[in-house]
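Beneath this line is the structure, given in structure tokens, with notes to follow.
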């Protein structure tokens, strides 16, 4: 399933135009531009811990 991975506080994980960073916890991921900045978008989002 695709989506924005979140941290332990429920905040989207931000990135700085670095797809490798986004892919470390997902099947594949990339930096995606949002109104407020950049966040990781992932295919294969891991379940929340």
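Any Cβ shown, glycine's included, is placed from N, Cα and C.
Secondary structure at residue 31 (disulfide bond), as computed by DSSP, is strand. Within its own chain, residue 31 (disulfide bond) has 15, 16, 17, 18, 19, 21, 22, 38, 39, 40, 41 as residues 6 or more apart in sequence whose C-beta sits under 8 angstroms from its own. The disulfide bond feature in Swiss-Prot is assigned to 15-31 (among others); the stated evidence is sequence analysis.
Among the features that Swiss-Prot reports, disulfide bond is placed at 22-40 (among others). When Cβ atoms from all protein chains are considered, those within 10 Å of residue 22 (disulfide bond) total 23, not counting its own.
In this structure, residue 26 (disulfide bond) belongs to neither helix nor strand by DSSP; it is coil. Per Swiss-Prot, the feature disulfide bond maps to 26-42 (among others); the stated evidence is sequence analysis.
Taking all protein chains in view, 19 other C-beta atoms sit within 10 angstroms of the C-beta of residue 26 (disulfide bond). Of all the disulfide-bonded residues listed (15, 40, 42), 15 has the fewest other CB atoms within 10 A of its CB.
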